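K.L.:
In case it's useful when we look at the structure, here is the feature table from TrEMBL:
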type: BINDING; residues: B:ARG208, B:233-234, B:247-251, B:264-271, B:ASN285; note: FAD binding site
type: DOMAIN; residues: B:4-185; note: domain 'Electron transfer flavoprotein alpha/beta-subunit N-terminal'
Amino acid sequence: MSLRIVVTVKYVPDATGDRHFADDLTVDRDDVDGLLSELDEYAVEQALQISENSDDDVEITVLTVGPEDAKDALRKALSMGADKAIHVEDDDLHGTDAIGTSLVLAKAIEKAGFDLVVSGMASTDGTAGIVPALVAERLGVPQVTLLSEVAVEGGTVSGRRDGDAASEQLEASLPAVVSVTDQSGEARYPSFKGIMAAKKKPVESWDLSDLGIEAEEVGLEGAWTKVESAAERPARTAGTIVKDEGEGGKQLAEYLAGQKFI
Amino acid sequence: MAEVLVYVDHVDGAVRKPTLELLTLARRIGEPVAVALGSGAAGTAAVLAEHGATRVLTHEAADYADYLVVPKVEALEAAVAAVSPVAVLVPSSAEAKEVAARLALRIGSGIITDAVDLEAGDSGPVATQSVFAASFTTKSVVVKGTPVITVKPNSAAVEPAAAAGAVEALDVAFSEKAHGTKVTARTARESTGRPELTEAAIVVSGGRGVNGAENFSVIEALADSLGAAVGASRAAVDAGWYPHSNQVGQTGKSVSPQLYIASGISGAIQHRAGMQTSKTIVAINKDPEAPIFDLVDYGVVGDLFDVVPALTEDVKSRKG
Ligand SMILES: Cc1cc2nc3c(=O)[nH]c(=O)nc-3n(C[C@H](O)[C@H](O)[C@H](O)COP(=O)(O)OP(=O)(O)OC[C@H]3O[C@@H](n4cnc5c(N)ncnc54)[C@H](O)[C@@H]3O)c2cc1C
Ligand SMILES: Cc1cc2nc3c(=O)[nH]c(=O)nc-3n(C[C@H](O)[C@H](O)[C@H](O)COP(=O)(O)OP(=O)(O)OC[C@H]3O[C@@H](n4cnc5c(N)ncnc54)[C@H](O)[C@@H]3O)c2cc1C
């Protein structure tokens, strides 16, 4: 038996950099370095673990939808141990919203062929946390999302989802879409060997016509949502900082009382 | 008048506060019609009526608890077909966001997630989002279909407003797809008796500086003296010192209380993403260079094991 896993990975602006919007109110990608969304490293890691724990023949494909530089995200995932990569790149994709992104991902996943899709819980830029559910809806397969533990055995995927009110144990038949949280287990660092091997792994490039998607269905024009304005939040005014020399707790209590919190 | 669907987040009939906030926001754009699903749904009607729901559509079935997400999507789809609303508002919990997303796709509508404010605009509701770790504020609209908008907790004050709250049974027929993901077991989270993290007016958080699960009692004692919820940084959670459900930040809860007190937390961008919009921010940290001090209204450079217990004692004596 064989198991085909597609891991969706997003290329995002570094959250520790100075993130901004461009004039067309999309993310300014020129100003800040991009990288593989850290939360997608957990998705790659879980795919690798599923593969390592499986008797089946497992093939892991990493898939990204993004500009030219998004290849960096694919390289990182390949150096962690994924087998091959697909890059969906097209100028008409600029400004695509979550619904549009899910369309492109679903078409690419179908074209690649899959038994299991593994995604991150959310991207570190848009942070919507809805793309995996949208992809499942489009593919017409079960979603088993926000897992902190995941296992695949004999055509079934199961896992634990820790919600607000309860912790749930979930189960579905393959094919399915899974998303994993940052509680699922630290992602491995690429080894030197992994980095060297990644250079030789295949990266396919597809554009919209390869996926049978019309330009009007995606991009800024095709988006079903529109950002009308973006304003930088004013910096907080500098606060009072005191050094504790035995009275710090008391001084803080006085401050809180002055602000009517006590 | 135009009707606005409001998805009700409840536990066995007990409506959670974010839903009541949604009813306030919904009244800015139309007449709220609430949709309550699952066990205890009908029991939500009285409180929803007190907060402005003109109608409460209910459907009770075991499917909502036994299968993930999709049964709720199909019920909302039925509600949209029955009501033809001008917008659908959903609380921004992890599950409700997924429900909202699939609903949006099914009804051919755009979706805005994690709005922090909502107002009526010339061509439908305008949503405010707080993005990039709360460093930018954006205003967005849905340009196709019936706007589906998820709203974060604490985005509006709860305002009572009496309305009919007429209970009506919603007709739902589940497809085969609704039963794709089975919930095979469920363990309810134990209540600590403290306020809910995302709803609390005061949050007291501890980080790696707390240095051990047993030391969290220092943080808890301060929280209890103030009637506050307890939060934790991911470092503290990853170390196993406090439950993940109390994590504040990008991959934890976003909180926006009147007062946030961070002890032994450095203030990494991912932590700030979850607390930066708090009204008043206080930090206790022994490192004067800790980035958290860039955010504070009041900071104490010192050892939390000296400062926090002293503060707790002072709070207790002031409260008498
Ligand atoms: C600040 C900000 C706010 C936004 N708000 C909205 C909004 O309210 N509504 C809306 O429709 N769009 C919104 N967008 C656009 C949206 O973020 C993008 O369309 C994005 O590609 C999908 O959403 P997400 O990044 O939030 O994904 P999430 O749902 O948070 O991502 C979850 C997972 O999906 C996968 N994934 C997501 N995008 C890609 C990709 N391009 N390639 C491969 N895998 C991917 C990854 O596995 C990821 O971990 C916003 C964007 C930004 C920057
Ligand atoms: C994708 C991603 C998502 C993340 N999501 C989150 C999230 O949701 N929430 C989150 O918190 N983090 C998150 N993180 C982790 C984040 O980057 C930081 O690692 C984390 O916030 C650090 O926690 P901390 O401040 O407790 O620990 P540290 O950064 O180690 O800081 C500990 C602080 O305690 C101080 N200290 C030590 N001892 C004492 C003492 N006795 N008295 C006073 N002060 C003392 C030190 O000076 C230091 O400033 C995420 C990271 C990634 C990559």
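Note: Cβ is positioned from N, Cα and C throughout, glycine not excepted.
Help me picture these features in the structure, burial and contacts included.
P.N.:
B:ALA268 (FAD binding site) falls outside any helix or strand according to DSSP and counts as coil. Same-chain residues at least 6 positions away in sequence with a Cβ under 8 Å from that of B:ALA268 (FAD binding site) are, in sequence order, B:SER233, B:PRO291.
Taken together, the residues of the domain 'Electron transfer flavoprotein alpha/beta-subunit N-terminal' (B:4-185) have an average pLDDT of 97.
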K.L.:
For the binding-site residues listed here (B:ARG208, B:HIS271), which one has the lowest count of neighbouring CB atoms within 10 Å of its own CB?
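P.N.:
Output over binding-site residues B:ARG208, B:HIS271: least Cβ neighbours within 10 Å is B:ARG208.
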K.L.:
Taking the Cβ of B:GLN247 (FAD binding site) as the centre, how many other Cβ atoms fall within a 10 Å radius?
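P.N.:
25, counting other Cβ atoms within 10 Å of B:GLN247 (FAD binding site).
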K.L.:
Name the secondary structure element type, per DSSP in three states, that contains B:ARG208 (FAD binding site).
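P.N.:
Once the DSSP labels are grouped into three classes, B:ARG208 (FAD binding site) ends up as helix.
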K.L.:
Out of the binding-site residues B:ARG208, B:GLN250, B:ILE265, B:HIS271, which are near chain A, with a C-beta less than 8 A away from one of its C-betas?
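P.N.:
From B:ARG208, B:GLN250, B:ILE265, B:HIS271, the ones near chain A are B:GLN250.
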K.L.:
Same chain only, sequence gap of 6 or more: which residues have a CB within under 8 Å of the CB of B:GLN250 (FAD binding site)?
P.N.:
B:ALA133, B:GLN270, B:HIS271, B:ALA273, B:GLY274
